[in-house]
Amino acid sequence: MRSKNDTILKAIKGESTSHTPVWFMRQAGRSQPEYRKLKEKYSLFEITHQPELCAYVTHLPVDNYQTDAAVLYKDIMTPLKPIGVDVEIKSGIGPVISNPIQTVKDVERLSQIDPKRDVPYVLDTIKLLTEEKLNVPLIGFTGAPFTLASYMIEGGPSKNYNFTKAMMYRDEETWFALMNHLVDISIDYVVAQVEAGAEIIQIFDSWVGALNVKDYRYYIKPAMNKLISGIKAYYDVPIILFGVGASHLINEWNDLPIDVLGLDWRTTIKQADKMGVNKAIQGNLDPSVLLAPWDVIESRLKDILNQGLNRGKHIFNLGHGVFPEVKPETLRKVTEFVHNYTAK
């Protein structure tokens, strides 16, 4: 049995590491040929509902790319179906919900979640990975209340989130009832993942950049504080928060009791430090760069890694998820470069 690679856990705490840890959002699936073969036969939900298949997909990038963490293969919509949300993942579109939330009565009809009863396949996958002696920490995750709510209100992906914002401004009773419900189910869902063996949790707030600071502070931040504090009340598990196009919210995020602040590619590590970020930082190569020639990739890698080495407490990642078009050998080469360039 290989010894446990806990580099990412050390980096989060600010402890000395042998190299900068690296993993990639959406590293499990998408660009992997083995995964594409599975998708010819199974849907996303079918894979995530079969622990053996899901564990296999989760483990692949650790073996193929030598990443310093595994991220559980599943969708942020996973906990919504059991509470009464009729959600379907449609190819080329994303999550589509046939019963969007419109009134407080719609929120009241939502049930609570019992992870052991409602999503046993998620917990069984985590346990299976633990039993298989996964040699890196496993990252579990959940969607943030705003991002989950936006899907539930809009009925699917949106560019402007008009219905979501309209509810916030017009019907605070329904909005805050939905926020509180999503916080409650997310705490239970995350705690169950940790109890099953997840050692790090990432909260994806993918669409929160659509809000200005004032609205975030009033409509979202209390729920985020409640969610993160609620998880920490059970287990002091490291929590990463990531959003897209939300650099204007960095100061608000820095106030939250998170351990790691995830940056997209629009904000440099230096800029985040100048804004007073005192957490570990994760990021933040533009995923598009992975489609460029290697000399361009290497130049961008050096720039990001040098900024990370200067501040410490840095986890290398992309500024969003891996594109399906990215070649597996590119990801393997990036991981190798990060490890070698930052070796101490």
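Each Cβ is built from the backbone N, Cα and C atoms, and glycine gets one as well.
Predicted, not measured: the structure shown is a model, and the values here were computed from it.
Residues or ranges marked as substrate binding site in Swiss-Prot: ARG26, GLN27, ALA28, GLY29, ARG30, PHE45, ASP75, TYR151, SER206, HIS320. DSSP gives ARG30 (substrate binding site) a coil state; it is part of no helix or strand.
Secondary structure at ASP75 (substrate binding site), as computed by DSSP, is coil. Among the features that Swiss-Prot reports, site 'Transition state stabilizer' is placed at ASP75.
A simple way to gauge crowding: the CB of ARG26 (substrate binding site) has 18 other CB atoms within 10 angstroms, across all the protein chains here.
Binding of substrate is attributed in the record to ARG26, GLN27, ALA28, GLY29, ARG30, PHE45, ASP75, TYR151, SER206, HIS320, and the widest Cα separation among these residues amounts to 23 Å.
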